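Trainee: Dumping the structure here so I can ask a few things about it.
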Amino acid sequence: NRSDLSPSSFILASIPGLEADHFWMAILLCSMYILAVTGNCAVLFIVKTEPSLHAPMYFFLCMLAAIDLALSTSTVPRVLSFYWFNTREISFGACLVQMFLIHTLSAIESTVLLAMAVDRYMAICHPLRHAAILTNAVTVKIGLVAMARGVLFFLPLPLLLLPLPFCSSRVLSHSFCLHQDVMNLACANTTPSVVYGLTAILLVMGLDAILICLSYILILKAVLRLASWKERLKVFSTCVAHICVVLAFYVPLIGLSMVHRFGKDLAPLVHITMGNIYILVPAVLNPIIYGVRTKQIQRRILNLIHIYND
């Protein structure tokens, strides 16, 4: 019986049998969110205030931090409201906006990760041309192209869902809105949404993943031409942080896609856990990875801690 629901709303998913544990789950999510916000804000502050970090690689890192802040902030507060105050209903309009932000920001992050891979390729394979080609102005233009690309490719997703009628069952599989999840609740032909959504994913995330792999194949070829293993390891170590960030982004993305494609019979806990991992884990890990791997950021953080303690 769904007569108590607005016809223009959805119900966020809960885990059957674990409603009593929502408070503690929210504590865990809130802790991760605070860590993500603190870490990414620290990266933005350090790069802004440290002149030696005013280089394309670190500007790309700032873009990642800003994207992660926007992505987690567009979802986690609403999830915490659900867990703490049991506000399960989300309006149709708010759901479409949240869905658009999640997919668009993910596309922008994928493009920035590709740009960072190209930056590593240029730095290793063409070091003499690197500074001349990847200037700060070019980096800004790449950021703008990444934003335009994400918006143009994923703006049609909510527009394709807008005119569709929806069935009486409006319970989502996650505690936030994703295109595949909302689309599956429609009581109409969703072929245009399915085809366009798959096409957008393949042309953005899929193509980016292929080009990132190609960049690293070329990097490996260049590294293996070096004389000694010590020199090879030293050069390739400059890519370790980026590789970890790429894995932190694509592994949850692929896992979530697999759950939606093949996991219809899986327990709700699996869907909700994969969704939360996709939203929060990259935002938490990215500043930690670059904080550990980048000596300038390490020194700046230690200086800030020392000043605070004094």
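Positions of Cβ are set from backbone N, Cα and C atoms, glycine also.
As the structure is a computational prediction, the values presented were derived from the model and not from experiment.
The transmembrane segment annotation in TrEMBL covers 23-46, 58-84, 90-118, 130-155, 194-223, 235-257, 269-292. Feature annotation from TrEMBL assigns domain 'G-protein coupled receptors family 1 profile' to 39-290.
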Trainee: Could you tell me whether the transmembrane segment (23-46) and the transmembrane segment (269-292) have 3+ CB pairs under 8 A, leaving out pairs under 6 positions apart?
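Mentor: In contact, yes.
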Trainee: Which of 23-46, 58-84, 90-118, 130-155, 235-257 has the most Cβ pairs closer than 8 Å to the transmembrane segment (194-223)?
Mentor: 90-118
Trainee: What average pLDDT does the predicted model assign to the domain 'G-protein coupled receptors family 1 profile' (39-290)?
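Mentor: So the average pLDDT across the domain 'G-protein coupled receptors family 1 profile' (39-290) works out to 90.
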Trainee: Under an 8 Å Cβ to Cβ limit, what residues of the same chain, 6 or more beyond the ends of the transmembrane segment (235-257), are close to it?
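Mentor: Cβ under 8 Å, 6 or more out: 64, 106, 109-110, 113, 116-117, 120, 123-124, 178, 201, 205, 209, 212, 216, 219-220, 223, 226, 274-275, 277-278, 281-282, 285-286, 289-290, 292-294.
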